[in-house]
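Take a look at the structure set out below.
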Amino acid sequence: MVKMFEVFSRVFKWFGAKGATKEPQNPVEPFFMYLSVIVAYLTAFTGGLSVAWTSPVIPKFQTEENPFNHTVSTTQVAMLASFLPLGAVSGPILAGYIADRYGRKFTMMLLGFPSMAGFCILAFARIIELWYFARFLLGIGVGCYFAICPMYVAEISQNHNRAKFGCLFGVFITLGLFYPFSVGAHLIIPLYAMTCNIPLVVFLIVFGIFMPETPIFLLGKGRIQEAEAALVKLRKKKPVEVQEEISEILAAVQETQGKGGFKELLKSQQAKRALVICIGLVLIQELSGIHPVMAYLKPIFQASGTKISPDVSTVIFGMSQISSNFITALIVEKVGRRILYMVSAVGCGVACAILGTFFFLQKREVDLEGVFWLPLTCMVAYMIFFSCGLGPLAWSIVGEIFPSNVKGIGSGLTVCASFTASFAVLLTFPLISEAASMAAPFWMFTLVTILGLIFIYFMVPETRGMTLAEIQETLKKTEKTPKETPVASMESVTTYF
């Protein structure tokens with residue numbers, strides 16, 4: 001495992017060597033910092049598999065493996081699915097408050113226990129109401145991971161690698177989504193549920209013993225010596241060599257000094273703008289159709305009438321998601337957030353528009369035999385473009401853009417907005433598809449990406465290479481020149497390629 005981490009870190013160091021801004025030409029990126037990020041993201045892996053956990057289990061309700069002494073109805077299956085987003089909405093605000101008051105590390109470890117309890121209940125319970133409760137517990141864990149984990153990673157990262165580490169959040173979620181399909185289908189339900197606890201056990205042991213609290217939180221609480229020790233450990237430097245970074249962090253913390261909470265969030269100009277940006281980005285992310293596409297992947301392929309097997313299509317779709325998330329993490333610091341976001345919005349919009357047109361023509365009984373490959377191509381293109389911007393970058397920005405004293409509560413509100421939108425889209429997608437054909441929702445997703453492109457262009461700043469203090473200074477500005485940033489970003493693309 002150590003060898004795997006070393007190879008992983010070397011790949012990222014090689015890609016991170018070019019294009020980094022406002023850092024030394026050969027920035028020191030020690031192995032321990034990469035290990036800290038990977039261990040923290042075991043919670044993201046757990047979040048992904050929690051979301052997809054029911055996928056291989058639901059078909060088993062019709063077999064001898066059914067753990068209940070009755071037939072599971074369609075309504076009960078729907079309730080099993082819906083209790084997770086309900087839990088995900090209810091937990092993040094409280095988790096954000098705990099993170100701001102008691103620390104990011106403490107909160108992340110605390111929130112591992114609801115998920116572990118949920119998987120244990122799923123393994124041994126024989127009453128479906130207990131399964132509802134277990135899915136609610138898993139939802140609490142998922143929502144809190146989305147709120148706190150990106151925050152922790154952003155606060156231990158450096159200016160030149162913060163975005164690529166943030167994008168890895170999406171990689172680990174995708175790997176977690178793949179686990180139920182690749183492993184869960186081949187295990188009995190109790191064993192499958194208990195294996196889902198393995199990443200959390202590893203996380204709680206390794207993270208609890210070896211990983212430090214974030215320097216930003218420690219300095220915000222006046223614990224300077226502990227912050228210095230954390231930076232020495234993360235950067236693998238001598239105490240005297242981290243004094244400059246401590247001064248930068250102190251400047252950012254003092255700039256946003258306050259008690260925190262809702263009152264401070266609504267009073268601070270940069271906090272309010274950060275909240276608008278983050279909620280806007282996650283609404284674009286959710287309303288552009290990613291969760292309906294994931295949840296109804298096989299029915300969409302079946303409805304398209306394509307000759308390619310739905311199972312094969314699903315595998316191709318999943319592999320494109322993993323690879324594009326990983327590539328985005330490698331190039332984001334060279335290209336910049338804004339340009340990737342805009343390219344992503346345009347690509348997703350075009351893919352949804354073509355797919356909507358395909359279903360529209362299919363309903364009109366136009367012969368589409370010659371383009372049987374088009375639905376799969378559009379879906380793969382959609383996932384590639386989504387994974388290069390709209391997907392992973394939202395959580396990267398959430399982790400870095402809030403002032404330190406309201407970061408927890410701001411992230412919690414953002415996650416609540418995200419899962420509320422997700423629930424609404426998942427609920428309405430099948431209804432709209434049935435009432436107005438499959439074309440209608442995909443054209444609606446296209447409209448969302450167009451509106452999202454406008455929002456990104458006028459509202460989202462480029463934070464590539466900025467310190468956290470500089471990000472807060474950028475948010476203070478009431479006037480901005482959006483044309484300048486994309487040009488700079490496009491120059492970076494030209495330089496890189």
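The backbone N, Cα and C atoms fix where each Cβ goes, glycine too.
Feature annotations, courtesy of TrEMBL:
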type     : residues : note
DOMAIN   : 36-464   : domain 'Major facilitator superfamily (MFS) profile'
TRANSMEM : 31-53    : transmembrane segment
TRANSMEM : 77-99    : transmembrane segment
TRANSMEM : 106-125  : transmembrane segment
TRANSMEM : 131-153  : transmembrane segment
TRANSMEM : 165-181  : transmembrane segment
TRANSMEM : 187-211  : transmembrane segment
TRANSMEM : 274-294  : transmembrane segment
TRANSMEM : 314-332  : transmembrane segment
TRANSMEM : 339-361  : transmembrane segment
TRANSMEM : 373-398  : transmembrane segment
TRANSMEM : 410-432  : transmembrane segment
TRANSMEM : 438-460  : transmembrane segment
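Segment contact is absent for the transmembrane segment (339-361) and the transmembrane segment (165-181), given fewer than three CB pairs below 8 angstroms at sequence separation of 6 or more. With a cut-off of 8 Å on Cβ pairs spaced 6 or more residues apart, the transmembrane segment (187-211) and the transmembrane segment (106-125) reach 3 or more such pairs and are scored as touching. Long-range Cβ contacts of the transmembrane segment (274-294) within its own chain (Cβ-Cβ under 8 Å, at least 6 residues beyond either end) map to 177, 265, 300, 345, 348, 352, 379, 382-383, 386, 390-391, 393-394, 397-398, 401-403, 410-411, 413-415, 417-418, 421-422, 425-426, 429, 441-442, 445, 448-449, 451-452, 455-456, 459-460, 475.
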